[in-house]
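If you scroll down you'll find the structure; I have some questions about it.
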């Protein structure tokens, strides 16, 4: 289900629906605060870096986790990721093995991240962190879980889509937030806003004064694959948080977007859907294209029919973040 448009209006914009839902938003915020106060968090014997957000839905956490896996791995770390495994049936803790696990088992994001290193799926994040440390992790990256109190975090990065920012600044269901901005950022160590220069300027003008921690910027860009996108007719489909960003990327590469099929985030790619997409692409004379996250949900027999467009995070002040990471998780001897 797509979020209502009034969620992403700036806080200065009056909307009656948001106002009427605000009491429920206050209850949601209270519930989050109560949950965060409960229980004793598991303290891992190695540093834990949390990649989270304040918004419900996609903000760019997965590319950020992959970036951290690559950078920490290059520094000599044995990096393990712990994820809840949204959309998967296994409760865990279980180490993701792409050779025997499917997206239906562990979720699409953990399966994608497992191509870059060691990934654990665990509904009980504390148990997942314990297993990862026992398996030899020298640093653990927690995928999401900023509002989960079961694991002590050494460094928390809040990822935010610069174009949408923190929306109207209200909590669910009056707005997109899991908790109030001030409350969430008081526990954060860094904010990473993702988007182009124009989006970053807008984000800074609306939210810059509200950010009490270091604020870095970045953007996600397509990897060069040798594919001649210019003028190529494509039928694109995407089941991610904001599929329109994927479609815009294809247009920016010069592809002729004959059809754009926006699916629900993590949507099951049923045989009937894939058959329809294949038939439409054939009628249009177009190539099927999808995201990396959607590709791992495709049946193996269908994957040769689809081109995947990989993207990677670029952090504008990457050296600043790398220096901070070195302090938190010194490279192994």
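In case you wondered, yes, glycine gets a Cβ from its N, Cα and C as well.
Straight out of Swiss-Prot:
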type	residues	note
BINDING	55, 56, 57, 58, 59, 60, 61, 62	ATP binding site
Taking the Cβ of residue 60 (ATP binding site) as reference, which residues of that chain separated by at least 6 in sequence fall under 8 Å from it?
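Listed in sequence order, they are 159, 161, 192, 194, 220, 313.
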Under a criterion of Cβ-Cβ distance under 8 Å and sequence separation of at least 6, what residues of the same chain contact residue 61 (ATP binding site)?
51, 52, 53, 143, 144, 159
What is the total of other Cβ atoms whose distance to the Cβ of residue 55 (ATP binding site) is within 10 Å?
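Other Cβ atoms within 10 Å of residue 55 (ATP binding site): 26.
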So, in DSSP terms, is residue 59 (ATP binding site) helix, strand, or coil?
coil
So how many other Cβ atoms are close to residue 56 (ATP binding site), meaning within 10 Å of its Cβ?
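Cβ-Cβ neighbours of residue 56 (ATP binding site) within 10 Å number 17.
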As a test of the contact definition, list every same-chain residue at least 6 positions from residue 57 (ATP binding site) whose Cβ is closer than 8 Å to its Cβ.
3, 176, 241, 242, 265
